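Record features (Swiss-Prot):
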{"type": "BINDING", "residues": "Arg77, Arg102, Asp129, Pro130, Met131, Leu132, Ala133, Thr134, Gly135, Gly136, Ser137, Asp204", "note": "5-phospho-alpha-D-ribose 1-diphosphate binding site"}
{"type": "BINDING", "residues": "Ile198, Gly203, Asp204, Ala205", "note": "uracil binding site"}
Amino acid sequence: MHVHVVEHPLAAARLTTLRDARSDNAAFRTALRDLTLMLVYEATGSVPVESSTVRTPVAETTGYRLANPPLLVPVLRAGLGMVDQAHALIPEARVGFVGMARDEDTWQPTPYLESLPADLSAQPVFVLDPMLATGGSMVYTLELLHARGAADITMLCVVAAPQGVTAIQECAERFGPSTSVRLFTATIDEGLNDAAYIVPGLGDAGDRQFGPR
């Protein structure tokens, strides 16, 4: 599995805003949108393109577009804050949804929504989730996508914990070499606290975007 940490001054600045407990909901959402743009930009750097001839006001030239735009899959509810900006950069992309809630006693994911195409065998997928903590929600999502035939899966996360990275690496190994799994993140933090929150992290990304449940 390929893991790429986006190292850029602008990404670091937006991450600082997300971490800052003084940032209100609006500031948090704005920083998340900006950082999502950077993650998508990095993640699409090597995707296949197809060429075509276009005419400018003065001449013909060669233009390019994505050969096979990805399916965007935000993991609800925190992933909602990433999907609009990802869609803005890839307007031809389709969008699916996976809804997940965390059991605060067991820390295990409780799925409540799956809205995905039945056949993903020829479809690249971008999974959008700001936080990769224990990895439970992401592993569930990866397994769901793999069961539908997805063989090219890219995860975009703002903050990751080593435990979560290990969990998805083990999941990718179970899929075997026929499935490509990549992670793009702005940082890999120190670890998890006793409540399974990322440290230093940025708190609950859903609450900080939309308010408490």
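Glycine is no exception: its Cβ is also placed from the backbone N, Cα and C atoms.
Note that the structure is a prediction, hence the values are computed from the model and not measured.
Feature map: Swiss-Prot annotations on the structure.
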{"residue": "Arg77", "record": "5-phospho-alpha-D-ribose 1-diphosphate binding site", "DSSP (3 states)": "coil"}
{"residue": "Asp129", "record": "5-phospho-alpha-D-ribose 1-diphosphate binding site", "DSSP (3 states)": "coil"}
{"residue": "Gly135", "record": "5-phospho-alpha-D-ribose 1-diphosphate binding site", "DSSP (3 states)": "coil"}
{"residue": "Ile198", "record": "uracil binding site", "DSSP (3 states)": "strand"}
{"residue": "Gly203", "record": "uracil binding site", "DSSP (3 states)": "coil"}
If you compare CA-to-CA distances from Arg77 (5-phospho-alpha-D-ribose 1-diphosphate binding site) to each of the binding-site residues Ile198, Gly203, Asp204, which comes out shortest?
Asp204
Ranked by the number of other Cβ atoms within 10 Å of their own Cβ, which of the binding-site residues Asp129, Asp204 ranks first?
Asp129
Cβ atoms near Ser137 (5-phospho-alpha-D-ribose 1-diphosphate binding site) (within 10 Å, other residues, all chains):
26
Whole-number Å only: compute the distance from the Cα of Gly135 (5-phospho-alpha-D-ribose 1-diphosphate binding site) to the Cα of Ile198 (uracil binding site).
11
Given the binding-site residues Asp129, Met131, Ser137, state which is nearest to Ala205 (uracil binding site) when distance is taken between Cα atoms.
Met131
Rank the binding-site residues Gly135, Gly203 by the number of other Cβ atoms within 10 Å of each Cβ, and give the residue at the low end.
Gly203
Would you give the longest CA-CA distance, in whole angstrom, between residues of Arg77, Arg102, Asp129, Pro130, Met131, Leu132, Ala133, Thr134, Gly135, Gly136, Ser137, Asp204, the set recorded as binding 5-phospho-alpha-D-ribose 1-diphosphate?
17
Going by Cα-Cα distance, which of the binding-site residues (Asp129, Met131, Ala133, Ser137) sits nearest to Asp204 (uracil binding site)?
Met131
Taking only same-chain residues 6+ apart in sequence, whose CB is under 8 Å from that of Ile198 (uracil binding site), what do you get?
Met131, Ala133, Val159, Ala160, Ala161, Asp189, Gly191, Leu192
